[in-house]
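Some features that TrEMBL has for this protein:
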- 23-45: transmembrane segment (TRANSMEM)
- 26-530: domain 'K+ potassium transporter integral membrane' (DOMAIN)
- 65-83: transmembrane segment (TRANSMEM)
- 144-162: transmembrane segment (TRANSMEM)
- 233-255: transmembrane segment (TRANSMEM)
- 282-300: transmembrane segment (TRANSMEM)
- 312-334: transmembrane segment (TRANSMEM)
- 355-380: transmembrane segment (TRANSMEM)
- 410-429: transmembrane segment (TRANSMEM)
- 436-456: transmembrane segment (TRANSMEM)
- 462-480: transmembrane segment (TRANSMEM)
- 492-511: transmembrane segment (TRANSMEM)
- 546-787: domain 'K+ potassium transporter C-terminal' (DOMAIN)
């Protein structure tokens, strides 16, 4: 069977995609997705030590490896198979993991540990496994397999982030070295003294590559805030010129130097390499794998473009041009083994256009770094939504394509780490070794998760899934073994990056889960709140109180702690919970689940905001208005037979954006609030004192009741009017301020993870900022969590 169809407005937009849009997306993808793989010729053969290239036969064998590696991994695996495993238009390691969470029940995230029927409610007809295979039953039964799959997803995400650090340093430093060689060549024309030439060359080699690379890297990361759309249009022309140039030079070199290089695509050359290999030659495969660096970004950046546009760009342009380029470079190398730096791409370019090539390669290297930076943003955005990364600000740079995001904090962190690599190593061979290890490790993770998707989501037989795993896993394991031989020559830095990023993700996920479990164990029943009244000294004050909590039933412990110390709460209470689902997008029409807490006259509501891992809802300016509008729709729909479910607290209704003309509450901008309305006539005395004295306050939308709505019941109208009056009286936001304490006797690992979580929680983006809560209306209640 084909892969199940996607849902949502994002996918629907791509289903209606015309050829005009396809070509436009293909053009943009050149500057965003394909920059890394297109600029790989700058360093693939150049990172192989010249001593390992002993003869023209060795060059033939290495080119054969390049050809078959690009054909098997980039073309067959990614372009034709993995791209089909999108999650509603999203790609990457976490997209595969979310598919398994939904269809193989392997989730370990907080949303999955909640075993109540509220969050199990699915509006759309979800995909179900018709016949539960032996593998499905084994994975669902053993909890250890769930932890292992989550670990793999986080490991793969860390590899993508590692590429985002290493690839910019590698590609830009490679191009800067080409500039240095061009300047050295020019200096030889003006100075005849051999000693003077060597002195200038040494000075250029020392002071040009690294400072130039650092300056370019700073400029590159400063451009990221413009977003994928603008960057794609800026960078795509550069990549097109670059591809045409290296493709043309490659074809020229084939015919000028060695036409026989075409025969090297025969698999017999692979056999000869393996038969005659030794440790030094096998180690060179760690550089060859860089020819497919950027293939993982093809899948990870899927949310920025469409599958059709990505595949067309690769098959019709990228693949044939790169094969021509590598063939041409190999043809030159096979006849010039005696030339200094003969394995550098710059040397294979005719001298008459070499200076132009050096400048062009510098621009292309900047573009080449974009793919991994964009992929890092996409992966971290998914980790954020699934509580596997500390809170950070996410800026959506496109209103039409949800996957196009920019994360400022991550951007500057990547820049600092990339500069550190460039200055610390200042050697493309060492950086190339680390990059190759990151590339192949990420590919292995994708292969394993993809084999599970084939068996459990696509419902293919186990044999086909095993064939996929064994075939691609064997090829990639072979390259991984070659990369491990270079561990002491730069690849160790990847292990340091992996340890830091994986520890950060695991600690944040562990701390989040433990906090959630504590909240579940210490929540108070709803009866406790509804039984409070004036007889117990508890009073209701005008206004609306928003209580943000992770639990979807019961009263959070921090709010009961607040009531016990200050016996008063607002006339309207709304418990708001954000719940991320293991899918990329939740349509606005299905986003809100609204219900009551206690009897109707208590005016206490619960709002569960369901969102996908690529949705952008938390820090929007109109979020409060959306909640109040949804409460109003719930009040008007409650008596009708609308689609609903029964939760432990009663009936809950799915509420989305109302159709025009069907609003229970009509929004009015405060500049239009002078419009005569009976529903607002009594609110003049409730205007904020800050407004009267001229203190600037945040603008907010005001509401009124529809004028002509005879079918609306009196009780419904009264409750809606009370909601409007409460909004006009003011709003307060209640948040729990958690202080985690490790229980006495806990082991070292638990203490370390919790301490790391506490450190991240104190130094990352704070919840009031992430929720866009005004500071003056915020009430934080401290709670000690003993974990």
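Note: Cβ is positioned from N, Cα and C throughout, glycine not excepted.
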Close approaches to the transmembrane segment (312-334) from elsewhere in its chain (Cβ under 8 angstroms; 6 or more beyond its ends): 22, 26, 29-30, 33-34, 37-38, 40-41, 44-45, 53, 56, 59-60, 62-63, 66-67, 70, 74-75, 79, 243-244, 246-247, 249-254, 256-259, 261-262, 264, 291, 298, 342-343, 345, 347-348
Contact call for the transmembrane segment (65-83) and the transmembrane segment (282-300): at least 3 Cβ pairs under 8 Å, seq gap 6+: yes
Distal contacts, the transmembrane segment (410-429) - CB-CB under 8 A, six or more residues away: 43, 46-47, 49, 161, 164-166, 168-170, 172-174, 177, 209-210, 213-214, 217-218, 221, 224-225, 373, 376-377, 380, 392, 489-490, 493, 497
Same-chain residue ranges lying at least 6 outside the transmembrane segment (233-255) that approach it to Cβ under 8 Å: 27-32, 34-35, 38-39, 41, 223, 226, 261-262, 317-318, 320-321, 324-329, 331-332, 345, 348-350, 357, 360-361, 363-364, 366-367, 370
Selected stretch (most C-beta pairs under 8 A with the transmembrane segment (436-456)) from 144-162, 282-300, 462-480: 462-480
Spatial neighbours of the transmembrane segment (144-162) far in sequence, C-beta under 8 Å, 6+ residues away: 92-94, 96-97, 100, 106-108, 138, 296-297, 300, 372, 375-376, 379-380, 382-383, 388, 414, 434, 438-439, 441-442, 445-446, 448-449, 452, 494, 497-498, 501-502, 505-506, 509
Surrounding residues of the transmembrane segment (282-300) on its own chain - C-beta under 8 Å, 6+ positions past either end: 33-38, 40-41, 43-45, 47-49, 52, 62, 65-66, 69-70, 73-74, 77-79, 82-83, 91-93, 159-160, 163, 167, 310, 314, 322, 326, 368, 371-372, 374-375, 378-379, 432-433, 435-437, 439-440, 442-443, 446, 478-479, 481-483, 485-486, 491
Mean per-residue pLDDT computed across the domain 'K+ potassium transporter C-terminal' (546-787): 74
For the transmembrane segment (492-511), sequence-distant contacts whose Cβ falls under 8 Å of one of its Cβ atoms, 6 or more beyond its ends: 109, 150, 154-155, 157-159, 161-162, 165-166, 383, 387-390, 417, 421, 425, 430, 434, 437-438, 441, 740, 752-754, 756-758, 760-761
